[in-house]
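Engineer: Got a structure for you, questions after.
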Amino acid sequence: MSFLCVRTVSRFRSLSRALAPGFLLLHGNAVPKTAVFFRQQSSNTRLFSSYTAPSGVEENNSKSALKNKLPPGKEVSSKDAKEKITTSAIDLALNSVVKVFTVSSKPRLFQPWQITMQSESTGSGFVISGKKILTNAHVVANQTSVKVRKHGSTTKYKAKVQAVGHECDLAILEIDNDKFWEGMNPLELGDIPSMQDTVYVVGYPKGGDTISVSKGVVSRVGPIKYSHSGTELLAIQIDAAINNGNSGGPVIMGNKVAGVAFESLCYSDSIGYIIPTPVIRHFLNAIEESGEDVSFGSINLTYQKMDNDQLRKDFKMSDKMTGILINKINPLSDVHKVLKKDDIILAIDGVPIGNDSSVHFRKKERITFKHLVSMKKPCETALLKVLREGKEYEFNSSLKSVPPLVPKRQYDKSASYYIFGGLVFLPLTKPYIDSSCVSESALGKMPKKAGEQVVIISQILEDDINTGYSIFEDFQVKKVNGVQVHNLKHLYKLVEECCTETVRMDLEKDKVITLDYKSAKKVTSKILKSLKIPSAVSEDLQPKQQNKRSKVPPKSKEH
């Protein structure tokens, strides 16, 4: 069995020890505490790198110590030529990199009407043009407070999260204080480094409170699944130590930023990952163009490779043709309008796709074609060259991402829930699957309608009215009074607007629950009161209250 350890190794300091949620494994008696969670699934094992703690790898708080790490005149290769790392470049980094202090809290997974204890964590960030600070989304996810401290200062400045891109694990902070910006210099984005290029990771990792720098070499460039979002995007692997707390800090090559530090490989020494500049620019451009809507392109289909000779022959591919075979297409996607099952995608925007699903990247490097797809904006189209029953066709189609049936991750939002007769209904999410006995089969399914959700009975708050129903925890609700359930809001509406004495719910595996409507409503009120639950329904499901204030008509002019 392969293992995936997703560790949020942010250092969490409990602000209320007695309220520690069950999913936190608290080690030792002294605060601060470290929150760690594990799950089994895949061989891709990585960890986040936000932290707050003393460490043995800190650098001296002086510029001279950093200069020892980054000697002037040190030669490193760039994309086209070699550049010299000068003292001015080091000084620029010192006057740009900041430490980010975050207090966060999120809804409990199984009691969504409650929030977890507040926790403190830290990460890094750096100044970019426009008086903005770039950091990781996971550094400020579910934040209730964000503060920033610059190098050489003891003052923490209040920061505002201006924009977040959870897909790409990036965020922008703003600080409305002129004193903070005194002496601060923005860093400039560079190009993707080449293999064996030397880079320097600057930030505030574990082990101390001062700025630190570590040196590494680029060992690999290619898409990976970002741990924060589960989205597959381009990343750069380096052998520099990206420790807890480095998240959000710049990785410098020459006098420019090569990427943002954000992950490292569990149980491996000096294998770190950085977000490259094409992903950063895509994020920044999206913020500039649409405010807060940050999304990356998606192929919205499943496919298989065409390595087998007989398979290529049966699908009428010539010896010169290469591509991938379409297995299933998301019915809500734009490509569903032009592509068909068993089509062979030969090329995207004129770039041939190999039988192994790779495309040419640079020199002799190849990466998955998904990188070309991910860099598409929602408003852009791609030219798809397709082989269908032996004939070649070309189609223009948008590659706008379609929300999955089961969300991978959810941040910065209140949880949805509905309680009726002691039954707690929730929309199924991947974190819920990872923390329960629910089958992962729903993860591979595609939505048939926009807004569709898998609604489950998360738990049953015991009462005489639901006796015998506890065995149906984690079961999906298929129908309410014979009507197919579209999502949680639809279920809420079907139950609340019930006109019959009995509410019937058809579950998966052909199981059935029935409740007397009036009795269930009374029991719900009793349960809410006894368990101190503020409401039977989350705010997002409640109908918006219309403004009942009567408008005062304008006074008529006297003639």
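Think of each number as a place in line: the chain as shown, counted from 1.
Cβ from N, Cα, C; glycine included.
What Swiss-Prot records for this protein is below:
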ACT_SITE  HIS138  active site, charge relay system
ACT_SITE  ASP169  active site, charge relay system
ACT_SITE  SER247  active site, charge relay system
COMPBIAS  546-559  compositional bias 'Basic residues'
DOMAIN    300-380  domain 'PDZ'
REGION    59-81  region 'Disordered'
REGION    100-292  region 'Serine protease'
REGION    538-559  region 'Disordered'
TRANSIT   1-48  transit peptide
Engineer: Given the model, what does the mean pLDDT over the domain 'PDZ' (300-380) come out as?
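Structural biologist: When the pLDDT values over the domain 'PDZ' (300-380) are averaged, the result is 96.
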Engineer: Distance check, please: Cα of ASP169 (active site, charge relay system) against Cα of HIS138 (active site, charge relay system), rounded to an integer number of angstrom.
Structural biologist: 6
Engineer: Could you say whether, by DSSP, HIS138 (active site, charge relay system) belongs to a helix, a strand or a coil region?
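Structural biologist: HIS138 (active site, charge relay system) sits in a helix per DSSP.
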Engineer: Cα distance, SER247 (active site, charge relay system) to HIS138 (active site, charge relay system), nearest Å?
Structural biologist: 8
Engineer: By Cβ count within 10 Å, point out the most packed of the active-site residues listed: HIS138, ASP169, SER247.
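Structural biologist: Comparing the active-site residues HIS138, ASP169, SER247, the most crowded Cβ belongs to SER247.
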Engineer: According to DSSP, which kind of secondary structure is SER247 (active site, charge relay system) found in, if we only use helix, strand and coil?
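Structural biologist: SER247 (active site, charge relay system) sits in coil per DSSP, no helix or strand.
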